[in-house]
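According to Swiss-Prot:
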LIPID     Cys27  S-palmitoyl cysteine
LIPID     Cys30  S-palmitoyl cysteine
MOD_RES   Tyr60  phosphotyrosine
MOD_RES   Ser61  phosphoserine
MOD_RES   Ser96  phosphoserine
MOD_RES   Tyr140  phosphotyrosine
MOD_RES   Tyr161  phosphotyrosine
MOD_RES   Tyr193  phosphotyrosine
REGION    147-204  region 'Disordered'
TOPO_DOM  1-7  topological domain 'Extracellular'
TOPO_DOM  29-204  topological domain 'Cytoplasmic'
TRANSMEM  8-28  transmembrane segment
Amino acid sequence: MNAELELLWPLSGLLLLLLLGTTAWLCVQCSRPGVKRNEKIYEQRNQQENEQSVASSQTYSLARPVRTGLQMDAASNKSFERKNKLLFSHLEGPESPRYQNFYKGSRRESDAAYVDPIPTDYYNWGCFQKPPEDNDSNSYENVLICKPSTPESGTEESEDYQNSVSILQWRESKRTMGARTSPSGSPDEEPDYVNGDVATTEKI
């Protein structure tokens, strides 16, 4: 029996501990201030909304003017006439205005508020058009900046360039220095490039 009692004590202690924990958890859940506070807020809000809706319906019913039968008939007739006017306005003749500033038909009669639009000639520069006579003074043309000089060497290509005088002077300077001149545009006009360092290293 001693062995059985020794086994029952820890088991009963564990069972008691579980029971105590469950009870404490339930107490905490029920007495949580956040849950109760939220429920109270919802209850207060619902009560305020109900009170406001009742108050607004009471004020609406009190503020609503009391109408007699003739006034109600006249008001309903006005709304009926307005609906008919809107529905059947397209059936009216073309002479009657549908809008305040819009008139159907021609606009030949002058209106005090009407302003003529700017003519298209203003935008198309009609006043600056070319005169009918054949005057080419404003047209584009090639303009020579300097007077063309007569080439001394007789080449016709040098006349095409503005710096032809400089080219001729350069050719004359080459002649005076003893360099041979070749016709312009030939491949022998400039000496070929020779890599002198490579040639010297091959001989060594």
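In case you wondered, yes, glycine gets a Cβ from its N, Cα and C as well.
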### Query
Any idea what the model's mean pLDDT is for the topological domain 'Cytoplasmic' (29-204)?
62
### Query
Across all chains shown, how many C-beta atoms besides its own are within 10 angstroms of the C-beta of Cys27 (S-palmitoyl cysteine)?
10
### Task
Would you count the other CB atoms within 10 A of the CB of Cys30 (S-palmitoyl cysteine), including those on all shown protein chains?
9
### Summary
Residues in the topological domain 'Extracellular' (1-7) per DSSP class, helix first, strand next, coil last, are 6 helix, 0 strand, 1 coil
